[in-house]
Each structure stands twice: as structure tokens, then as C-alpha cells.
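A short write-up of the structure that comes next.
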Amino acid sequence: MVNLGSYVFVFVALSLTVVVPSVQAHIAEYDEYWTQRQTNALRETLESYDPNPENVTDHFNYHAALAMETTGIVNETRRDLRQVGRGKKTTRRGGRFESLNAIDKCWRGDKNWDKNRKKLADCVLGFGRKTTGGKNGPIYVVTDPSDNDLLKPKPGTIRHAVTRDRPLWIIFARSMIIKLQQELIITNDKTIDGRGAKIYITGGAGLTLQFVRNVIIHNIHIKQIKRGAGGLIIDSEQHFGLRTVSDGDGINIFGATNVWIDHVSMTDCSDGMIDAIMGSTAITISNSHFTDHDEVMLFGGTNKDVIDKKMQITVAFNHFGKRLKQRMPRVRFGLVHVVNNDYTHWEMYAIGGNMNPTIISQGNRFIAPPIEDSKQVTKREYTPYPEWKSWNWQSEKDYFLNGAYFVQSGKANAWSATPKNPIPRKFAIRPQPGTKVRRLTKDAGTLGCKPGKSC
């Protein structure tokens, strides 16, 4: 058994020089407003960073094990859960909802989900577990799919909703196809909840989370995203600014904290599908489906951005599907917990990186492509073996098919010299094995939720 507390996080004890993000990030004019947002975001990054990340990964595996033990557990302590999922047969007592993963099982069995939408905010696991989005605000109903005014957006449009300076839980009156004229700049404390409708963000620009905190993006399609030309764009209720050309990412997370992306279907973006850079941390990406793309996820933008040592991201219960090539994810610095995902397609590699990131791969299924040179799951980029051999890239209970293999490095059980509140080994919870991934990810992507029926 790999013990996360033992190898992960030697860099935690090291001194960390914090570098304020220097990239302008498509902000043509860095005025007082953006300077203050950047300062606030840096503070949020430092406060959101968990110095004991092994506790977070163990917490995730605890709940994953609990969800799989469908016969029920009376005493939900760590000691009692040590044997959860270790060879026990599960009993289907409640129909298909007994087989859901730990996040979905929290809310999907409720046929009145539409009357209690905010229950969703209680269900996130992983590094983004403190994300609540717009839970503390009112419901905002998007009634108009247009995006015609970038400075004074029409009430009822999604651009009007996401730029309000207060928490909002944003839902949709009906199914919509939304073509964004320019990047959609989202403010703090927002939930975009597409349940009950088919919501497509397509044919235009993507979503931008820049120097913000506490955002949930749930149950929408994002496809065929293009670069935006820039110009004057509203970025909060009281401010607009001049933007340069946007990258064409589906979701661009820049200096943002406490972000949860769940049940999103993504296809064919001009640049990355999801980029998390420049001090972004406390993020969970779950239950999503990705197809038809080259560079899927980039975590850490450049070799100079040492602020990304604070990056902590959970990637869980996702399906990496047809016609994907690479970066699922590609990581610089930081730590990524890749757990219970289904990797059915890649052309070059699945998980890669440089600049000494920590990558914990647990209970994933990797099905290698027929290309002999591409069967290795991992790729250390632009780094010689003598350097990367000490990086902590670990695989536990992964399931490898068609010749797939994961090249590990680092010391799996080398305890940090000064661990802070480590989980005792006898209480550590094992991840669910990769052999169960097909079941755990069977509903990845958007859901066809209907009011009055279990989702």
C-alpha cells in the first residue's frame, strides 16, 4: 500500500519564494481594480493551500470507500472503514443509484433535486472540497441566450449573471445554445448549474476565472471554443476593462481558488480544455467527459511560475475519451491527485509534466493505444533521468490494459523528516481499485436531469 503521507510532500517543508504573477493574462490595462483583485487572489492562494495534502487525499478515499459499501455502515470511523471495499461484495438495494461514485451519490438519488439545488454544494470532494459557489445567494434564472452587449449585458443573460457582485446560483429557464462574443469573465461566489436543461457554450469564446474564488461549474457542454479578439469587456458589476486576445481555452483558471468543475462535457477547444495556472489552487475536476482534443489540461503555465508550488488539484471520476492526444493533465510544480478516472484513449501520453510536480495516481484505468511508442502513461518533459528520478510520481491500484504502464519515481514510503499531522498508517484508506472505474465513471459528462425525477 502506498502511504500518501510518506512521500508526498517533501516540498512542503522547503522554503517557498512566492512570486506574484507577472503575466498580464489578457488584461490590456492593469488599473487599480485589477491590481487589488490580484493582491486578493494571491492572499487566497496562500490561505487555500493545505500544508497537509495527504489528509485531503485520504479524506477523498474515505468517502469513495464509503460510497462503494452499499450495504451501509453504522459506525463511520476511520477504524471501521479500514476494510471498506477490500473484497466485500456490494448489494444493490436502491437501484442504479447504489452504484454511483462518492460525489454523485451525495445528491443524485433525490427526485426533488430541482427544489434543493444547493445541496450540490455539499457534495464536492478533493482539494476543491471547500467550494460552495453561489450557495449563500439567491437563484438567478438565465432566460436569454444572447451575448450582444459586452459592457452593459442584458438582464437575464449569462454575462449579466456572472458579473454581479454578490453570490448567485445561476440556472437556466430552458435549453440554450450560447455563443459568447468574448471570454466570459466570472466573479466570486458563483454557481453555473445547467441541470434540467441542455446548455451549450459553443462556437465562441470560453469561460475565464481570473483572480476569483469560490466558483462551481456544473452540467454544461463546452465545445468548439474559439479565441476572442479582445476589447472592452465587463468584468464585474462596477468595472469593465480592455482585454487582449483570449487563448481559446474552454475554461481558463488564472490565479483562482476553490473551484469545482463537475459533470461538464468538453470537446474541441482552440487551446486547452482546462488550464489552471498562476497560483490557482484548491480545485476539483470531477465526473466530466473529454473528447476530440490535443492538449486537454495544463496545470502550471511556465517554468518561472514558482507560485504554482502552491497548486493542489484533484482530478476524479472523469472519462478521457475518443480522439484525445495528451495532457490529461500536464503539470508543473504543485500536486495533483489523479484518482478513479477512465483513460480509454490517448495518442502521445496521458499524464506528464516537468519542474518536479507531485503526481499521485490511484485507482485509474489506463487503456493504451495500439501505437507501441505511446503505451507509457507518463512523460517527463524536457528533463533528464538523473533529475526526474527523485520526483514523486506514484501509482497505486491502477489498472493497465493493452500494454499500458506507468513509470514511477521517487520514494513511495519515505516519510518527510518533519511531517505535519500525518495520517497514521493503520488508519489510511485505500483508494478504490482501477477495476471499478468503469462503474464509477459511467455517467461522466452532462446529465439529463428532469425535475421531479432522480437525476
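Placed from the backbone N, Cα and C atoms, the Cβ positions cover glycine too.
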Candidate from Asp247, Asp294, Asp305 that Swiss-Prot assigns to the same Ca(2+) site as Asp271, Asp275:
Asp247
Asn55 (N-linked glycosylation site) to Asp275 (Ca(2+) binding site): how many Å between their Cα atoms?
25
DSSP on Asp275 (Ca(2+) binding site), three-state: which is it?
strand
Within 8 Å of the centroid of the Cβ atoms of Asp247, Asp271, Asp275, which other residues of that chain place their own Cβ, given that this set defines the recorded Ca(2+) site?
Ser246, Gly248, Asp249, Asn252, Cys269, Ser270, Gly272, Leu298
Where Asn55 (N-linked glycosylation site) sits in the secondary structure, as DSSP reduces it to three classes:
helix
Distance from Arg327 (active site) back to Asp271 (Ca(2+) binding site), taken between C-alpha atoms, in Å:
12
At the Cα level, what's the spacing in Å between Arg327 (active site) and Asp275 (Ca(2+) binding site), rounded?
10
